[in-house]
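Quick look at what Swiss-Prot lists:
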{"type": "ACT_SITE", "residues": "SER38", "note": "active site, nucleophile"}
{"type": "ACT_SITE", "residues": "ASP310", "note": "active site"}
{"type": "ACT_SITE", "residues": "HIS313", "note": "active site"}
{"type": "DOMAIN", "residues": "366-646", "note": "domain 'Autotransporter'"}
{"type": "TOPO_DOM", "residues": "448-451", "note": "topological domain 'Periplasmic'"}
{"type": "TOPO_DOM", "residues": "501-507", "note": "topological domain 'Periplasmic'"}
{"type": "TRANSMEM", "residues": "398-408", "note": "transmembrane segment"}
{"type": "TRANSMEM", "residues": "411-421", "note": "transmembrane segment"}
{"type": "TRANSMEM", "residues": "438-447", "note": "transmembrane segment"}
{"type": "TRANSMEM", "residues": "452-461", "note": "transmembrane segment"}
{"type": "TRANSMEM", "residues": "489-500", "note": "transmembrane segment"}
{"type": "TRANSMEM", "residues": "508-518", "note": "transmembrane segment"}
{"type": "TRANSMEM", "residues": "548-558", "note": "transmembrane segment"}
{"type": "TRANSMEM", "residues": "562-571", "note": "transmembrane segment"}
{"type": "TRANSMEM", "residues": "606-615", "note": "transmembrane segment"}
{"type": "TRANSMEM", "residues": "619-628", "note": "transmembrane segment"}
{"type": "TRANSMEM", "residues": "637-646", "note": "transmembrane segment"}
Amino acid sequence: MIRMALKPLVAACLLASLSTAPQAAPSPYSTLVVFGDSLSDAGQFPDPAGPAGSTSRFTNRVGPTYQNGSGEIFGPTAPMLLGNQLGIAPGDLAASTSPVNAQQGIADGNNWAVGGYRTDQIYDSITAANGSLIERDNTLLRSRDGYLVDRARQGLGADPNALYYITGGGNDFLQGRILNDVQAQQAAGRLVDSVQALQQAGARYIVVWLLPDLGLTPATFGGPLQPFASQLSGTFNAELTAQLSQAGANVIPLNIPLLLKEGMANPASFGLAADQNLIGTCFSGNGCTMNPTYGINGSTPDPSKLLFNDSVHPTITGQRLIADYTYSLLSAPWELTLLPEMAHGTLRAYQDELRSQWQADWENWQNVGQWRGFVGGGGQRLDFDSQDSAASGDGNGYNLTLGGSYRIDEAWRAGVAAGFYRQKLEAGAKDSDYRMNSYMASAFVQYQENRWWADAALTGGYLDYDDLKRKFALGGGERSEKGDTNGHLWAFSARLGYDIAQQADSPWHLSPFVSADYARVEVDGYSEKGASATALDYDDQKRSSKRLGAGLQGKYAFGSDTQLFAEYAHEREYEDDTQDLTMSLNSLPGNRFTLEGYTPQDHLNRVSLGFSQKLAPELSLRGGYNWRKGEDDTQQSVSLALSLDF
């Protein structure tokens, strides 16, 4: 009875510990499936020193006392924190084969990592019958078929929409299975075998840890085994990355050894104590020297200030650092695939500016053989709502547009225009900052006769992304990665309409029309500056837009000097596939991977309102407001322009 009463309390405590990591809006993965060892174990083993019904994890307890028997559970491991950030169902983040959960009737989760597992056992937990074994003191507590065997029994392969997550290799060292370079390479190969088994079964996204430098852990630091452990860790990782680059799988590698070195070199940036020996001491004192200040029995117990809980396992702070690191890589394309959308948004604002000018001139062209020039300025705002694989963003900017047209005869005129646009976008949970300058030029032609009218424009542009700053949480701090790149665009647009008004000099005009638009934006690939564990290199991005639309435009003249005009159009986008972005860590250039990002809107509504006021016989003032709305995007712009006949 007591055990059953405490079960909800234990679950609530664990959920509370997870909730400290804010859940992000994008949620591109159906679930998170984890394989590995104690670094990822979500609670396969019972916790005899914890609350009834609790399970053990290889990190510190949540506090405030951190002591065994205190009623405090163990904190979450990195994949549990990551899953919470990705919006994965909490039950999916639980252990796969926990005897405690089975006894209590709690459904098994998707975390198959087991403390103590070697690379061969990790492979079995994926591929073997009875491959998931929970044993303590040579006693089998529970067994299950491996993940793929269990899925096959249900007629399923690997979930192609899931994120897979693998750690391993440390126990091959700790259990004496790696004593030389050849054995280190063989262990790395076994981990790659696990990756390939998942890939061949249909897995599309697989996160793989590089092994931490075992020479930089309390277990070996400062002792005679430190150089040996560091050397073999390096051999393992070199073989792992080499084989992964040839495995044919889409692998997101985590450069954990580099990340931890950065944390040790600048601990304050990660919220760690800068005045403590973070490698030679630990929190619990289990197999290592307890930190005298922040250790469990120190003067001020606080595991958040330390990297290691025991001789080889991170504190919750270390686990959160790794979760944030992984999330920063997975979320990068959610923001970076918005760069082409900044350009598309700017192009649409520029085209709206031209169309507003044309609408003000409708049935009111300059005389044959005469020029009409215009110059205008304005501002625009572009808002993106979050999607499954795209971040929310808020953009704003300003512009200068100028151009002119020449009337060839009664029915035709042609012209040119140019525009400069400055755009800024803040995106993601930490308001990453992306800035772009656009330089565009157009040639256009217009026709109006016998109530029919048409226009067509060809536009080209140069894009200067001069300040790109990706920001993200990292442990107890925040980091940004900077870069810059260029791009270009070209577009063609055309409209055809029929004026319902029977006379050209009618005070009102109303016209249905159809439209066709094509645009292509290309953003050059670039590398973020530096070679930190979080810096990325991105491939080129290309995003085309093909739209057909129909609408209604009208205008009304109040006398000979003042007119109001308006337009509504609905457009269908035919290039609406989710965008992919291929990238790699700067520190691991040979291991490229591809992730999903922004999905273009398949339907758009557009409204424009404006006025034109004649100031002198050859001089007019025009103002306008434009609004575009898709399912997840909103774009608005305002403008003011002068036109002069000469």
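Glycine too: its Cβ is placed from the backbone N, Cα and C atoms.
A map of Swiss-Prot features onto the structure.
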| residue | record | CB count, 10 Å |
| --- | --- | --- |
| SER38 | active site, nucleophile | 23 |
| ASP310 | active site | 21 |
| HIS313 | active site | 28 |
Taken over the topological domain 'Periplasmic' (448-451), the model's mean pLDDT: 94
Inter-residue Cα distance where the pair is SER38 (active site, nucleophile) and ASP310 (active site), in Å: 12
Tally of residues which DSSP labels helix, strand or coil - the topological domain 'Periplasmic' (448-451): 0 helix, 2 strand, 2 coil
Candidates 438-447, 489-500, 508-518; stretch with most C-beta pairs under 8 Å toward the transmembrane segment (562-571): 508-518
Secondary structure at ASP310 (active site), reduced by DSSP to three states: coil
For the transmembrane segment (637-646): best-contacting stretch of 398-408, 411-421, 438-447, 548-558, by Cβ pairs under 8 Å: 398-408
Stretch among 438-447, 508-518, 619-628 sharing the most Cβ pairs under 8 Å with the transmembrane segment (411-421): 438-447
Contact ranking winner - 398-408, 489-500, 508-518, 606-615, 619-628 against the transmembrane segment (452-461), Cβ under 8 Å: 489-500
Inter-residue Cα distance where the pair is the residue listed as 'active site, nucleophile' and HIS313 (active site), in Å: 8
Positions on the same chain near the transmembrane segment (508-518), where near means CB under 8 A and six or more residues out: 351, 362-363, 453, 491-501, 544-557, 569, 571
